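S.K.: The following block contains the structure, expressed as structure tokens.
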Amino acid sequence: MLTMKTCNGGTSIVDMFEKGKVLKICAPMVRYSKLAFRSLVRKYNCDICFTPMIVAADFMRSVKARDSEFTTNESDRPLIVQFAAHDAQTLADAACVVAPFSDGVDLNCGCPQRWAMSAGYGACLINKPELVKDMVRHVRNQVEDPNYTVSIKIRIHKDLRQTVDLCQKAESAGVSWITVHGRTTEERHQPVHYDAIKTIKDSVSVPVIANGDIKYFRDVESTHQLTGVDGVMAARGLLANPAMFAGYEETPLECIWDWVDISIEQGTPFTCFHHHLIYMLERVSSQPERKVFNSLSSTSAIIDYLQNTYGRKSCLSDELLELTTLEQEEELKRVKLSFTPHLFRLVGYL
């Protein structure tokens with residue numbers, strides 16, 4: 001089995017939380033916060049990245065799930081693997097499997113989607129503080145590495161006393177930190193309740209991360225000022241501008257070409273490659289331009305469009321454009337195959 005050190009040469013992520021510093025974190029995003037996108041945002045001052053949410057029971061049951069849902073490499077650190085779970089032992093088992101390849105696990109207690117809540121996952125767990133406490137304790141007791149973190153990501157209750165109680169129970173079980181999405185389970189695009197995040201921050205001694213409406217770099221500092229949190233987590237803001245944490249107002253051209261190179265190198269599926277670019281270009285392109293770009297159907301067509309519209313090709317895309325369509329397909333396969341041995345997958349691990 002491959003083994004990897006935790007971040008910063010064997011220390012815990014918790015050591016990254018320093019007084020006065022605001023950690024910048026890429027949120028778990030279904031389909032989007034995969035290895036290629038994590039590789040991109042790490043180039044632009046993102047301190048910690050989360051995997052997409054993985055259902056722990058499926059992960060433990062299926063070799064196919066382990067292969068498709070969790071892929072990483074040596075430079076993909078610090079990394080938090082987020083699981084959906086409603087059973088303490090299953091979560092602990094999954095944590096033990098990914099522990100050699102990551103720096104911590106996070107329990108999703110915030111997903112408001114109906115399928116997740118009906119299955120006992122996500123935001124319904126904020127109403128089961130004893131179960132959350134038990135799950136945190138199981139991971140803490142069963143992962144051997146004392147530096148390995150276990151965190152939770154929650155939404156808030158209408159009665160904030162319940163949320164404070166949940167957080168304090170999790171803290172007593174040994175939770176490493178808590179991410180708070182400052183909306184209730186029913187709220188989607190309503191304003192974030194910064195006062196609620198501040199109340200939670202003031203009620204626990206572990207680090208607290210604020211999530212919700214971090215759309216521009218200026219929101220990092222304003223959220224910190226409003227809440228006193230130890231870090232901020234962004235989702236849609238990073239999709240629109242993966243260089244946001246480096247201080248860019250809009251996605252810089254360099255970042256777009258970095259994404260092209262990373263995607264080609266890692267063999268990112270076309271749909272994922274295209275969708276990320278659609279998000280990145282939304283703020284900087286006109287509606288007619290978006291219509292043309294959204295209709296493109298091949299990697300080479302996208303590279304050609306970017307070159308003609310914005311200029312400056314990237315290294316790998318330069319070589320790709322010089323080939324015929326058939327040669328491009330073969331080259332993309334070759335690049336993907338050459339990259340695969342550097343990935344850490346969990347096929348056949350159990």
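Every residue, even glycine, has its Cβ placed from backbone N, Cα and C.
Where the annotation comes from TrEMBL, it is an automatic prediction and has not been curated.
According to TrEMBL:
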ACT_SITE  Cys111  active site, proton donor
BINDING   Pro28, Met29, Val30, Gln82, His181, Ala235, Arg236  FMN binding site
DOMAIN    26-292  domain 'DUS-like FMN-binding'
S.K.: Express the predicted model's confidence over the domain 'DUS-like FMN-binding' (26-292) as a mean pLDDT, rounded to an integer.
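M.R.: Here the mean pLDDT over the domain 'DUS-like FMN-binding' (26-292) amounts to 96.
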S.K.: On a simple 10 Å Cβ count over all chains shown, which one of the binding-site residues His181, Arg236 is most densely packed?
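M.R.: That would be His181, with the most Cβ atoms nearby.
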S.K.: Are there any residues at least 6 positions away along the chain from Met29 (FMN binding site) with a Cβ closer than 8 Å to its Cβ? List them or say none.
M.R.: Pro52, Ala235, Leu239
S.K.: If one measures from the C-alpha of Pro28 (FMN binding site) to the C-alpha of Cys111 (active site, proton donor), what distance in angstrom results, rounded to a whole number?
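M.R.: It is 11 Å, counting Cα to Cα.
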S.K.: Just to be sure I understand the packing, how many Cβ atoms besides its own are within 10 Å of the Cβ of Pro28 (FMN binding site)?
M.R.: 26
S.K.: Test of understanding: give the count of other CB atoms lying within 10 angstroms of the CB of the residue listed as 'active site, proton donor'.
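M.R.: Taking every protein chain into account, the count is 23.
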S.K.: Can you tell which of Val30, Ala235 has the most other C-beta atoms within 10 Å, given these are the binding-site residues?
M.R.: Ala235
S.K.: Express in Å, rounded to the nearest integer, the largest CA to CA distance found among the FMN-binding residues Pro28, Met29, Val30, Gln82, His181, Ala235, Arg236 named in the record.
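M.R.: Binding-site diameter by Cα atoms for FMN: 18 Å.
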S.K.: Note down the number of other Cβ atoms within 10 Å of the Cβ of Gln82 (FMN binding site), including every protein chain shown.
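M.R.: Other Cβ atoms within 10 Å of Gln82 (FMN binding site): 25.
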S.K.: Pop the Cα-Cα gap between the residue listed as 'active site, proton donor' and Val30 (FMN binding site) into the table, whole Å please.
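M.R.: Cα of Val30 (FMN binding site) to Cα of the residue listed as 'active site, proton donor' measures 11 Å after rounding.
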